[in-house]
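Asks: What follows is a structure written as C-alpha cells; I'll ask about it next.
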Amino acid sequence: MKITAKAWAKTNLHLGVGPAHDDGFHELMTVFQTIDLFDTVTLTTLDEELVEEGSVVKQLSVTGARGVPEDASNLAWRAVDALVKRRAEKTPLSAVSLHISKGIPVAGGMAGGSADAAATLRAVDAWIGPFGEDTLLEVAAELGSDVPFCLLGGTMRGTGRGEQLVDMLTRGKLHWVVAAMAHGLSTPEVFKKHDELNPESHMDISDLSAALLTGNTAEVGQWLHNDLTSAALSLRPELRSVLQEGIRSGAHAGIVSGSGPTTVFLCESEHKAQDVKEALIDAGQVYAAYTATGPAASTADQRGAHILTVS
C-alpha cells in the first residue's frame, strides 16, 4: 500500500509571547494561517516484513531540502510511532518507509517539520485507522506545539503552547511573499534570546481579528506582529535589511515568520507580490523567494493536512 498526504506551511499573523512556565514553554497568543507552500509525505508498506515490536519505520528519505534528519529524530518518524502505539490491537504490522518531499523552507519558522508530522498522522490514520479526530489532535499536541494547527489548517487563534485552537473568521485571500534564508534558526535558541532581551508581550489580537473580518489587506498589514522579532534580528541582523527591502518594494507589511529566519510580506495583490518577490531576489539578500496565498485550499476537506492518494 502507498499513501501520500499533503500539509501546508503556516505563518503567524500575530505571535505574542508571554512568560515561560515551569516546563520551559511560554504562554502564547498567536494567529496561525496556512499558506499554499506545502510538503508531501508518502508512506509505503513493506508487506514482506512484519514488525512485532519497536518502530515499524525502516527507512526515511527526503528530497527538496538539505539537512533534514532521515532517522528516528525526524518528527514524521515519531508521528508514525506515536499513532501506532494508540492501536487497540497489538498484532504485528507491516514495516513502512517514509518519503518526504519538501516545499516548505527548512528551519524557517513555517512549521515544515510540524507539517510533515501532520501529513504523516493522516497517512497512518488512512493505513490502520480510523483513530478519530480527537485522538489525532491529542497525538499531534504531544509531538509539537504547531502540529495540531497543521492538522486542521485555515486561520486559527492558538493559545497555551499554540495547541489550543479556535477558528477565526476571515474574508478573502491574503497575498504573501515568503523570503527564505540560506541557513535556518533554532527555535529554542530564538526563545532563549527572547528571554534574555525580555521585550514587552503583546497578547491582544482584537484589532487584527477585526481587520481580518474586513478583508482589507492594508488594515490586516497594520496589525501584523511578532514578539520574537527582536530576538531573531539579534541573532540574524541581516534580516532587518530584508524587511526594509520588502516594504520599500511595495509590501503593506513584513514580519519574521514564527521563530524565523524566514520573513513574510503581505501584499495588495498577486501582481504586487510578484514585484516584491523579484525585488527581494534582485537585492541578493535572500536564498529564495516565493509567492503564496492564504489561507490555503478552497475546500474544507483540504484546509489542513489531507490525503492525496491511496494505492
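Each residue, glycine too, has its Cβ placed from N, Cα and C.
As annotated by Swiss-Prot, active site applies to LYS10, ASP146, with the evidence given as sequence analysis. Annotation source Swiss-Prot lists ATP binding site at PRO105, VAL106, ALA107, GLY108, GLY109, MET110, ALA111, GLY112, GLY113, SER114, ALA115.
Each of these features: where is it, how hidden is it, and who are its neighbours?
Replies: LYS10 (active site) counts 31 other C-beta atoms within 10 Å of its own C-beta, drawing on all protein chains shown. A strand conformation is recorded for LYS10 (active site) in the three-state DSSP classification.
There are 29 other CB atoms within 10 A of the CB of ASP146 (active site), with all protein chains counted.
The DSSP secondary structure for GLY109 (ATP binding site) is coil.
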Asks: Over all shown protein chains, what is the count of other CB atoms within 10 A of the CB belonging to ALA111 (ATP binding site)?
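Replies: I count 29 other Cβ atoms within 10 Å of it.
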Asks: Would you mind checking how many other C-beta atoms are within 10 angstroms of the C-beta on GLY113 (ATP binding site)?
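Replies: Around GLY113 (ATP binding site), other Cβ atoms within 10 Å: 25.
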Asks: Determine the most Cβ-crowded residue among the binding-site residues PRO105, GLY109, using a 10 Å radius around each Cβ and all protein chains in the structure.
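Replies: That would be GLY109, with the most Cβ atoms nearby.
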Asks: When neighbour density is defined as the number of other C-beta atoms within 10 angstroms of a residue's C-beta, which of the binding-site residues ALA107, ALA115 has the lowest density?
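Replies: Each of the binding-site residues ALA107, ALA115 was scored by Cβ atoms within 10 Å; lowest is ALA107.
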Asks: How big is the gap, in Å, between the Cα of PRO105 (ATP binding site) and that of LYS10 (active site), rounded to a whole number?
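Replies: So the alpha carbons of PRO105 (ATP binding site) and LYS10 (active site) sit roughly 11 Å from each other.
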Asks: Cα-Cα separation of ALA107 (ATP binding site) and LYS10 (active site), in Å?
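Replies: On Cα coordinates alone, these residues lie 13 Å apart.
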Asks: Which chain neighbours of the ATP site, leaving out PRO105, VAL106, ALA107, GLY108, GLY109, MET110, ALA111, GLY112, GLY113, SER114, ALA115, have a Cβ atom within 8 Å of the mean position of the site's Cβ atoms?
Replies: ALA9, ILE104, GLY258, THR262
